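Here is the structure we will look at.
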Amino acid sequence: LPSAIPCSPAQPVTPELLVSPSSQDGDLGSECPEDRGNWTGRLDFLLSCIGYCVGLGNVWRFPYRAYTNGGGAFLVPYFIMLAICGIPIFFMELSLGQFSSLGPLAVWKISPLFKGVGMGTILIVSLVAIYYNMIIAYVLFYLFASLTSDLPWQHCGNWWNTDLCLDHHVIKGGNTTFPVNITNTVSPSEEYWSRYVLHIQGSSGIGDPGKIRWNLCLCLLLSWTIVYLCILKGVKSSGKVVYFTATFPYLILLMLLIRGVTLEGAWKGIRFYLTPQFDHLLSSKVWIEAALQIFYSLGVGFGGLLTFASYNTFHQNIYRDTFIVTLGNAITSILAGFAIFSVLGYMSQELGVPVNQVAKAGPGLAFVVYPQAMTMLPLSPFWSFLFFFMLLTLGLDSQFAFMETIVTAVTDEFPYYLRPKKASFSAVICIALFLMGLILTTEGGMYWLVLLDDYSAGFGLMVVVITTCLVVTRVYGMKRFCRDIHMMLGFKPGPYFRACWMVLSPATMMALLVYNIVKYQPSEYGSYRFPAWAEVLGILMGILSCLMIPVGMVVAVLQEEGTLWERVQQASRPAMDWGPSLEENRTGMYVTSLAGSQSPKPLMVHMRKYGGITSYENTAIEVDREMEEESESESMM
């Protein structure tokens, strides 16, 4: 019997003839890393991807972006950008993850010279995870505040209200022949948000954070506790939680949509939302906005998709899943627009002001405008609770993905040490990010949140995606990448995907990057302008993730031998153990490259295991034959 113990969970008995000489000596595989694990249910992966992509941005960014960029006409550039940027890059990320069964750091065995791209991804995701969970903490705060018979932001007259506070019930009940001038007034919900929840009056700016708001701090602790308990056992636990967190928001969205469109004045809001203004399509800004919405909504470049796909079985049909998730995400955004703008239309009629005066994006919509609209409805605490519960479930599964990305990336780098202690390592990461996020719970915390939101995942993320696209198509090679997909799925990507990967997607991303740099505007929050040092800090945050790429290159080159050019060439080639993680899935060039490999042809492993040849083995034979023909033609030349 060979002394090497192969690193696969269930080992068939290997006939002597199939044992390679290399396995006869040394204890090469005697210490195997603990099994990574896989999704346990058929829908785990699909629902996790849907939950990750369908997040807060679908509710609070897309409807406003559509309304300000041509209404219904915005759907034209939106779907074109989905086809050019969204779907191809989404499919590329899933393919890389599923083919290698590796996280965002270890996947760079594909070209070790560019491992810095993975390091940049982890830095970006860590920064985003810090402030994203703070938003979930705000949602929890409002969720608990909704558990009353009378919403606390319904009326003026509380200790946090000022003389500028004007209750909408006063407007409605007042003399309509003399309309109230509301331009210099503030709604109770706005003062509740800024003066009670944030207590922002206790801070003079970003350099003066003030005291910690302990109620917010406890909400942040609770949100990190929920996240940790859900990712405790990796994809085995989070894969079950998403059955609820990915589906329940749709039920609530449907309830809010039905309630919204039955309100008086709803049509005013929907008309504002969807009236097409085709002249906007001549503006480059609209196309850039559409690409940005696709880019951030699908979550490409954050490593979440790659991480989730890495837990798939080798032949999972990610081609089908790509279209289900990307189109489902787009349809959800459009439906959310109806739910939001129907209520805004009702609100504008109640207040007697145009829709554009009540329409907002981002936190302003979630924590000021919509809560105010809820107070105008019968059973307002019920509708408020439903809305914030929807936001909670939308936010949580995106946060699961961020955390799983960080944990998977690091444990795949150090599998022997960290995989057996994955639960403890996850706890350490959660505690560290919670402590870093404490500054966001202070009175001036919103200024830091805006800074993180503006800079952490800006141009740095685009550089990461552009580099990934170019490395896979130019350095690794389009032919080889398509062959890998053929080996995995049984067919090669068509001309549409190849054209997008080679030219269209990188070119669009480059245009986005240039536009972002040229049209750069300093951060602001309301009327507050950030000081120069804060701007510099934000820009450095973005640049740091980009700097990881050259740093990774230097490290990779120093680990090689020979002249500088030889080192660069060697570091850019795939590592020896690059390829499918299971021996039975390795064909052609991947056969002998797996450490501790015991059989010369994985096909024989398949035949021992399944007692025959399946369609995927036929694909493997085709790929092998194709490669042999290519090598013969090259040798003849």
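Yeah, the Cβs are placed from backbone N, Cα and C, and that goes for glycine too.
The feature Na(+) binding site is assigned by TrEMBL to Gly51, Val54, Asn58, Ser297, Asn329, Leu394, Asp397, Ser398. Around the Cβ of Val54 (Na(+) binding site), a 10 Å sphere holds 28 further Cβ atoms from the protein chains shown.
Other Cβ atoms within 10 Å of the Cβ of Cys165 (disulfide bond) number 20 in total over all chains. According to TrEMBL, the disulfide bond annotation covers Cys156-Cys165.
Look at TrEMBL and you will find 75-96 (among others) tagged as transmembrane segment.
Long-range contacts of the transmembrane segment (117-144) within its own chain (CB-CB distance under 8 A, at least 6 residues past either end) are made by residues 56, 104-108, 197, 215-216, 219-220, 222-224, 227, 301-304, 363, 366-367, 371, 384-385, 388-389, 391-392, 395-396, 398-399, 402-403, 405-406, 409-410, 433-434, 436-437, 440-441, 445, 448-449, 452-453, 456-457, 460-461, 463-464, 467-468, 471, 541, 544-546, 548-549, 551-552. Taken from TrEMBL, the feature transmembrane segment covers 117-144 (among others).
Distant neighbours of the transmembrane segment (241-258): 41, 43-44, 47-48, 50-51, 54, 230, 332, 335-336, 338-339, 342-343, 383, 386-387, 389-390, 393-394, 396-397, 400; these residues of the same chain sit at least 6 beyond its ends, with a Cβ under 8 Å from one of its Cβ atoms. Marked as transmembrane segment by TrEMBL: 241-258 (among others).
Annotated transmembrane segment per TrEMBL: 290-311 (among others), in sequence order.
Residues 46, 49-50, 53-54, 58-59, 62-63, 66-67, 75, 78-79, 82, 86-87, 90, 250, 253, 256-257, 260-261, 263-274, 293, 297-298, 355, 358-359, 365, 369-370, 372-373, 376 of the same chain, all 6+ positions outside the transmembrane segment (323-347), place their C-beta atoms under 8 angstroms from a C-beta of that stretch. Positions annotated as transmembrane segment by TrEMBL: 323-347 (among others).
Same-chain neighbours of the transmembrane segment (382-402): 48, 51-52, 54-56, 58-59, 125, 128-129, 132-133, 135-136, 139-140, 142-143, 146-147, 151, 223, 226-227, 230-231, 238, 241-242, 244-246, 248-249, 252-253, 255-256, 259, 299, 302, 304, 307-308, 366, 370-371, 374, counting only residues six or more beyond its ends whose CB sits under 8 Å from a CB of the stretch. If you look up TrEMBL, you'll see 382-402 (among others) marked as transmembrane segment.
Per TrEMBL, the feature transmembrane segment maps to 423-449 (among others). Residues of the same chain lying 6 or more positions beyond the ends of the transmembrane segment (423-449) and with a Cβ under 8 Å from any Cβ of it are 126, 129-131, 133-135, 137, 198-206, 208-213, 216-217, 220-221, 224, 227-228, 231-233, 403, 406-407, 410-411, 525, 528, 530, 534.
TrEMBL lists 455-476 (among others) with the feature transmembrane segment. For the transmembrane segment (455-476), same-chain residues at least 6 beyond its ends with a Cβ under 8 Å from one of its own Cβ atoms are 89, 92-93, 96, 110-111, 113-114, 117, 120-121, 123-124, 127-128, 131, 295-296, 300-302, 501-502, 505-506, 509-510, 512-513, 516-517, 523, 538-539, 541-546, 549, 572, 574.
Sequence annotations record features per position, and here TrEMBL assigns transmembrane segment to 496-518 (among others). Under 8 Å from some Cβ of the transmembrane segment (496-518) lie the Cβ atoms of residues 81, 84-85, 87-89, 91-92, 284, 288, 291-292, 295, 458-459, 462-463, 465-466, 469-470, 472-473, 478, 481-482, all in the same chain and six or more residues away from its ends.
Taken from TrEMBL, the feature transmembrane segment covers 538-558 (among others).
Of all the binding-site residues listed here (Gly51, Ser297, Asn329, Leu394, Asp397), Leu394 has the Cα closest to the Cα of Cys165 (disulfide bond). Of all the recorded positions given, namely Cys156, Leu394, the one with the smallest number of surrounding CB atoms inside 10 A is Cys156. Cys156 (disulfide bond) and Asn58 (Na(+) binding site) are 31 Å apart (CA-CA, integer value). On its own chain, Gly51 (Na(+) binding site) has Val242, Thr245, Ala246, Asp397, Ser398, Phe400, Ala401 as residues at least 6 apart in sequence with a Cβ closer than 8 Å to its own Cβ. Other than Gly51, Val54, Asn58, Ser297, Asn329, Leu394, Asp397, Ser398, the residues of this chain whose Cβ falls within 8 Å of the Cβ centroid of the Na(+) site are, in sequence order, Ile50, Tyr52, Cys53, Gly55, Leu56, Gly57, Ala246, Pro249, Thr332. Checked against Cys156 (disulfide bond), the binding-site residues Val54, Ser297, Asn329, Leu394 differ in C-alpha distance, with Leu394 being the nearest.
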